[in-house]
Amino acid sequence: MDVDSILEIVRNTVYSAVLLIALVYSCLILLISRFRHQNNMFILNLCLNTITTSVYFIIYFYAIDYDMPQSMCILFNYAFNIASIQIPFAFVAFTVHRFCVVVYHRKALFKTKRWVVVCILTQWIAQFIISLPFVFEYYDDCTSNTVWMGIYTLIIAVILPSLITMVLNICIFIHVRKSSLRVQAQQPSGITSGTNHQQSIISRRDISLLKQMILTFTMFVIGWTPALVINTIDIIIFVDFIIQMASVYLSVICLLVFMINLFICNHEIRRYVFDSIRRCFHC
């Protein structure tokens, strides 16, 4: 067995692990009613985006070896851009949700299931619309690309989502900080009312969740960016095949770490899974 075959097996094994974790995670949220709250619905959305992204790239690495008609090449490259931006856009949808819930916490709309549906649907519609320029491009073959297409994907997959999440998270932290200072100023001689205590608890939970999601998003960007950058550079100048493959495997491993981290950070689902495993072994 040659090196290429071994690397292909490793790549598909990692993708399969990502798909398995994402599917199990999704099923737990969908099938167990107590897990179907707002935050977990956005995590479910992240899992679904991860599943579709993984499935596309599994197909991608086999499809690039075949000649396809122009119409299929258009669909192939359109899907490539969607697969590249799905997970970052899912993070943006979650960040927008948290921003509205924290900053406009008195608005009843942002606490409803309707708002969750609006956020997630908007994200899916946006990623299909923003990828439309790839439909109007002419392709010599399905692996051909232009500089502007590579730069466009890099901008909307990494730079734009990073800027949006950074700005919104800064606004959230500023709002929480101001709210905490205002609550402390209103407390008479160290006596904390039940309302203020509840506000403090909510703030800590929001901050903890934000930190986890920021860390997860940062990990994803670090793993995803090199592959997109090298994909763009390779259009202009030749990039060594080993470097290209290294960036691809970094992005694949990043997806696996991303899913594992999502599971570890979700205490209620993690506890449920571990308790279920312990019960099985005791039986």
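Just so it is clear, glycine is given a Cβ too, placed from its N, Cα and C backbone atoms.
TrEMBL does not curate its annotations; it predicts them automatically.
As annotated by TrEMBL, transmembrane segment applies to 12-31, 43-63, 75-94, 115-136, 148-174, 214-239, 245-264. Marked as domain 'G-protein coupled receptors family 1 profile' by TrEMBL: 16-265.
At the 8 Å Cβ threshold, with sequence separation of at least 6, the transmembrane segment (75-94) comes into contact with the transmembrane segment (148-174) through 3 or more pairs.
Away from its own ends, the transmembrane segment (43-63) comes close to residues 8, 11-12, 15, 18-19, 22-23, 25-26, 29-30, 76, 79-80, 82-84, 86-87, 89-91, 93-94, 120, 123, 142, 252, 255, 258-259, 262, 266 of its chain (Cβ-Cβ under 8 Å, at least six residues beyond either end). Residues 40-41, 43-44, 47-48, 50-51, 54-55, 57-58, 252-253, 255-256, 259-260, 262-263, 269, 272-273 of the same chain lie 6+ residues outside the transmembrane segment (12-31) yet bring a C-beta within less than 8 angstroms of a C-beta in it.
Only residues 6 or more beyond the boundaries of the transmembrane segment (214-239), in the same chain, are considered here, and those with a CB under 8 A from a CB of the stretch are 84, 87-88, 91, 145-147, 150-151, 153-154, 157-158, 162, 165, 169, 247-248, 250-251, 253-255, 257-258, 261-262, 265. Within the same chain, residues 7, 10-11, 14-15, 17-18, 21-22, 25, 43, 46-47, 50, 53-54, 57, 87, 215-216, 219-220, 222-224, 226-227, 229-231, 270, 273 sit at least 6 positions outside the transmembrane segment (245-264) and bring their C-beta atoms closer than 8 Å to a C-beta of that stretch. Along the domain 'G-protein coupled receptors family 1 profile' (16-265), the predicted structure has mean pLDDT 85.
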